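**Student:** Taken from Swiss-Prot, the feature GTP binding site covers 166-173, 191-195, 213-216, 284-287, 315-317, and the record attributes it to sequence analysis. Annotation source Swiss-Prot lists Mg(2+) binding site at Ser173, Thr193, citing sequence analysis. Swiss-Prot lists 349-364 with the feature compositional bias 'Basic and acidic residues'. The domain 'Obg' feature in Swiss-Prot is assigned to 1-159. The domain 'OBG-type G' annotation in Swiss-Prot covers 160-334, and the record cites sequence analysis as its basis. The region 'Disordered' annotation in Swiss-Prot covers 128-147, 340-364.
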Amino acid sequence: MKFIDEARIEVIAGDGGNGSASMRREKFVPFGGPDGGDGGRGGSVWAVADRNINTLIDYRFAKKHLARNGENGRGADCYGAAGDDITLRMPVGTAIYDADTEELIADLTIDGQRLCLAQGGEGGWGNIHFKSSTNRAPRQKTDGKAGERRNLRLELKVLADVGLLGMPNAGKSTLITAISNARPKIADYPFTTLHPNLGVVRTGPSKSFVVADIPGLIEGAAEGAGLGHQFLRHLQRTRVLLHVVDLAPFDESVDPVAEAKAIVGELKKYDAELFDKPRWLVLNKLDMVPEDEREARVKDFVKRFKWKGPVHRISALTHDGTQALVHAIQEYLDELRAEEDAAAAAPDQRLDPTLHNVDHDDQA
């Protein structure tokens, strides 16, 4: 299925039903009084995050979503039925924006998370509400209120722990195939990957992490060149980026260092926060470098690239070095989660009563 990561839709909640201005008319009841019921509430439009859905393609074609109107009230104290709500199921990771103001309405990050996108209109009042000691036969009633309608922009940002970053044909798809259950298209030409691929990497019975492979970047991606700029947003939720570099390009005129610097430059131009994310260097295709030249090739790259962070040497094709990379990632993610758990368990110092005790003698 084609990956669709953005869509625009219109949601229209149902109008409330009108109240009734009916009078009770029965044999032997000459002054029956008002018996007009209220109108029913209009149906609302809801969104719910569903982990079994991984695309917004349904909303690319179905752009208008309407809930039912509430029914009108009737005589004999009959209230109108409420309009049925409708629920729009969206992938986990969908950000919902107001298309007119670009205000972020919600971020669906948890499976089952539920949100009202458009509230149904309230039903109108029947004339039974207007009866008083001075007005025994009221003819007043109110109409139902209109339901909300909104133009929305849906944007899907995949939820992954690790993001793969690199030039086209750097071997990212081969790497995600080697370490995970993902099976993207692989070929020996650039731009094989046309949409993000997610893979689950299992490192133990109860341990795993998710890797995202996005289309390769080229210079000028931040301004819209190539395909990768459309998907850079998917890296914003990751915890660590793997910068995959082809250390043995077929075209000998291509300088891997210059390409790596171009990628870093695109990151910086696109989003400073993304640029500051933890980033590891993964030097790929070492199987294409003669064994006696590998050490010198790696040292030369690291020196010219002026890289100070973690470096992993791998061959995604032969799986050489991939297991060490996987275990290093899992260890890093475990440490991050342990730190987050410790921070969440720490008491809030603002609520510690001992911090608010004041020694009045010292103040004197």
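Every residue, even glycine, has its Cβ placed from backbone N, Cα and C.
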**Student:** Reduce the DSSP letter at Gly166 (GTP binding site) to three states and note it down.
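**Tutor:** Looking at the DSSP assignment, Gly166 (GTP binding site) belongs to neither helix nor strand, so coil.
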**Student:** Around Lys285 (GTP binding site), which residues of its chain at least 6 apart sit with Cβ under 8 Å of its Cβ?
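**Tutor:** Sequence-distant Cβ neighbours: Gly171, Asp246, Leu247, Ala248, Ser315, Ala316, Leu317.
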**Student:** Just give the helix, strand and coil counts over the region 'Disordered' (128-147), going by DSSP.
**Tutor:** 3 helix, 0 strand, 17 coil
**Student:** Look at the binding-site residues Asn169, Ser173, Ser315 and tell me which residue has the greatest number of other C-beta atoms within 10 angstroms of its C-beta.
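**Tutor:** The largest 10 Å Cβ neighbour count belongs to Ser173.
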**Student:** So, in DSSP terms, is Lys285 (GTP binding site) helix, strand, or coil?
**Tutor:** coil
**Student:** What's the number of neighbouring CB atoms sitting within 10 A of the CB on Gly166 (GTP binding site)?
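**Tutor:** The Cβ of Gly166 (GTP binding site) has 25 Cβ neighbours within 10 Å.
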**Student:** Within 10 angstroms of the C-beta of Lys172 (GTP binding site), what count of other C-beta atoms is obtained when all protein chains are considered?
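**Tutor:** Step by step: centre on the Cβ of Lys172 (GTP binding site), count other Cβ atoms within 10 Å, giving 31.
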**Student:** Work out how many Å separate Gly166 (GTP binding site) and Ser173 (Mg(2+) binding site) at their Cα atoms, rounded off.
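**Tutor:** Per the Cα atoms, Gly166 (GTP binding site) and Ser173 (Mg(2+) binding site) stand 11 Å apart.
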**Student:** Could you give the mean pLDDT over the domain 'Obg' (1-159), rounded to a whole number?
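**Tutor:** The average pLDDT of the model in the domain 'Obg' (1-159) works out to 86.
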**Student:** Give the helix, strand or coil assignment DSSP yields for Ser173 (Mg(2+) binding site).
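**Tutor:** For Ser173 (Mg(2+) binding site) - judged by DSSP and reduced to three states - the answer is helix.
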